[in-house]
Amino acid sequence: MSQVELPLIDYAAITPILVILGAACLGVLVEAFLPRHQRWSAQVGLSLLALVAAGVALALHARQGGTGVTTLSDSLAIDAPTLFLWGTLLALGLGAILLIADRSVESGGAFVAESNDTGPAGAGEMTRATAAVAGMRTEVFPLALFALGGMMVFCAANDLLTMFIALEVLSLPLYLMCGLAKRRRLLSQEAAVKYFLLGAFASAFFLYGLALLYGYAGSVKLSAIAAATAGTDRSDTLLFAGLGLLVVGLLFKASVGPFHTWTPDVYQGAPTAVTGFMAACTKVAAFGGILRVLQVAFEASSWEWRGVLYAVAIVSMAIGVVLGLTQSDIKRMIAYSSVAHAGFLLVGSIALTERGLAGTMFYLLAYGFTTIAIFGVISLVRTSDGEATHLSDWAGLAKRSPVVAWVFTFLLLALAGIPMTSGFVGKFVVFEAALADGMAPLVVVALVASAVAAFFYLRVIVLMHFSEPAEDGPTVSVPGAFTTAAITLGVVVTLLLGVLPSLALDWANLGGFVS
C-alpha cells in the first residue's frame, strides 16, 4: 500500500498569510465569546497587530533573500513580485482597517449593529440613538482579514485551482461587508446582492476556463500550461476558449470595462470604508493574478491574445472617462475613474516586459494609497442621512473646511496624474514600458483618456473652491485618530512616491515571476 506523500511547506515563506488568516480565525472566536462592549477594542487591536506582525515577517523573509521559492507542492510561488504585492496589500489593509475602525465620524461606527435594526416604517435606517446603544458590528474585522488573506494567496497562486479557491476566499467576505452599511441600508443590501450575483457569474466563467485549460494542458499548474502553449501538437480551440473565459473572470474582479457593471452600484452602496478597501486592495490582488497568469502561463502565445486585451484596455479607458463625466454622485464618479485606471493598468500588464511588470506594480501601490485617502475624506463630508455624496453638496467646501478641501484637491490631482504626485510617476512608468514594447497607439489613447479624466476631477475642484456653499449644506466632521491616520498615510505616500519614486520602483524592479 503506497503512502501519501506530504507536501513540503516552507513555513517562513508563508508566515504573512498564516498570520493574517490566523488572526481572522481568532476574530471569529472574539465574536463568539467576548461580551459585545469588549469586542471593538479586541478586534481593532487584533487586526492591527496581525497586519504589523505579517509586515515584520514579510520584511524578515525578504531581507534573508527568500525569493524564488515555491511551496505547498508548487501551488504557491514566493517570488519578488509576490513580496511586493504582499507588502502593498498589508500597507493598504492597514489604512483600510483604520477607516473601518473609526467610530468618531458616525456614532457607534459605520456598520449596522444588527440586521433587523431598522428605522420607522421599515425604512432600513438606524437612528443615532439606536446606533450608539447597539454599537458597531465588529465581525467586519475578521471578514476584512479573511478577504485580505485570500488576496495574498491569489497574488502568489502558482496554479489555477489555488487561484480559484483564493478568489472565493477574498470574494465571499466582500459580499457580506458591502451589505453592512448603517445608513441607506436598502442601497447597501442591493449593492451586496448585485455584487454577489455578478461575482458568482464571473467565478463560473473563471472555473469553466480553468476546466478547458486543464483539458488542453493536462494540468492546472501555470508552468505546465506554459509548456503546453509552447508546443504545436494541441488544439488551439481549448486554449483560446479557456483563456478567454479565465480572463473574463479576472477582468471582472479588476473592474476592467466592459466587465465593470457591478462597480458603480457597489461603490455607491457599500459603506465608504469598505469601498476604499475594495477599490484599493481588490485591484492589487486582481492585477497581481492577471500579471502572473499572462506572464507565466501565456507569454509564449502572447501574439494570439495581446490584440484582444489591447482592445479591452481601450474600451475600459473610454467607458471610464466618458461615463465618469456624466456622474453626479462622487462615489460613482470615483467608480468610473477606477474603470479608467484599470485600463491604464492593463496597458502595463500586456507589455510583458520587466519594465511593464515593475511599472504596473508601482501604479497599484500609488493608486491604492490615493484611493484609501480619497474615501477617508469622503466619509467626513456628511448630511443627516450619512455621507454627502451628491456633487452639489461639495459646493463651497473650501469655505467651510479649507484643510479638507485642499487635501481632497491634492488627491484628485494625483488621480489625474499631475507632476509631483505618485499618479504622474505611475502613469509615466506604465506608458514608457508600453512605448518600449511597441504599443505607441495604445499609449496615445491612454494619454487622451487621461486628459479627459482630468476634466471631471477638475470639475470637483472648481466646485469646492469657486462655488458658494448652500446654507443648509453638509457639515464636515472632525476626523477621529484612526481616520486622520489613514488619510495622512495616504497623502504622505502619494507625495513621497511622486517626489522620490525610487523608494518603491527599486523594490518593484527586483525580479520577475518564478514558476
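Even glycines carry a Cβ here, placed using N, Cα and C.
Per Swiss-Prot, the feature transmembrane segment maps to 14-34, 40-60, 80-100, 138-158, 195-215, 271-291, 307-327, 333-353, 361-381, 404-424, 438-458, 485-505 (among others); the stated evidence is sequence analysis.
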Which sequence-distant residues neighbour the transmembrane segment (307-327)? Criterion: at least 6 residues beyond either end, Cβ under 8 Å.
244, 247, 251, 256-258, 260, 264, 333, 336-344, 346-347, 349-350, 391, 439, 442, 445-446, 449, 452-453, 455-456
Three or more CB pairs closer than 8 Å, sequence separation of 6 or more: does that hold for the transmembrane segment (14-34) against the transmembrane segment (138-158)?
yes
Within the same chain, where does the transmembrane segment (271-291) have neighbours whose Cβ lies under 8 angstroms from its own Cβ atoms, ignoring anything closer than 6 residues to its ends? I mean 6 or more beyond.
81-82, 85, 88-89, 92-93, 95-96, 99-100, 102, 110-111, 140, 144, 147-148, 150-152, 154-155, 157, 163, 167, 170, 174, 177-178, 180-182, 188, 247, 250-251, 253-255, 331, 334-335, 338, 341-342, 345-346, 349, 357, 360-361, 364-365, 367-369, 371-372, 374-376, 378-379, 387, 513
Mind pulling out the one from 40-60, 80-100, 333-353 with the most Cβ pairs under 8 angstroms to the transmembrane segment (438-458)?
333-353
Please indicate, using numbers and ranges, the residues of the same chain that are 6 or more beyond the transmembrane segment (404-424) and have a C-beta under 8 Å from a C-beta there.
337, 341, 365-367, 369-370, 373-374, 377, 380-381, 397-398, 450, 453-454, 457-458, 460-461, 464-465, 476, 487, 490-491, 493-499, 501
Near the transmembrane segment (361-381), which residues from the same chain, at least 6 beyond its ends, have a CB less than 8 A from one of its CBs?
81, 84-85, 88, 91-92, 95-96, 99, 102, 105, 110, 272-273, 275-276, 279-281, 283-284, 287-288, 291, 330-331, 334, 338, 341, 344-345, 348, 387-389, 393-394, 397, 404, 407-408, 411-412, 414-415, 421-423, 425-427, 429-430, 474-477, 479, 483, 486-487, 489-491, 493-494, 497, 501, 504-505, 508
Same-chain residues near the transmembrane segment (80-100), Cβ under 8 Å, at least 6 residues beyond its ends:
16, 44, 47-48, 51-52, 54-55, 58, 61-62, 67-68, 110-111, 140-141, 144, 148, 151-152, 155-156, 272-274, 276-277, 280-281, 284-285, 288, 291-292, 357, 361, 364-365, 368-369, 372-373, 375-376, 379, 482-483, 485-486, 489-490, 507-508, 510-513
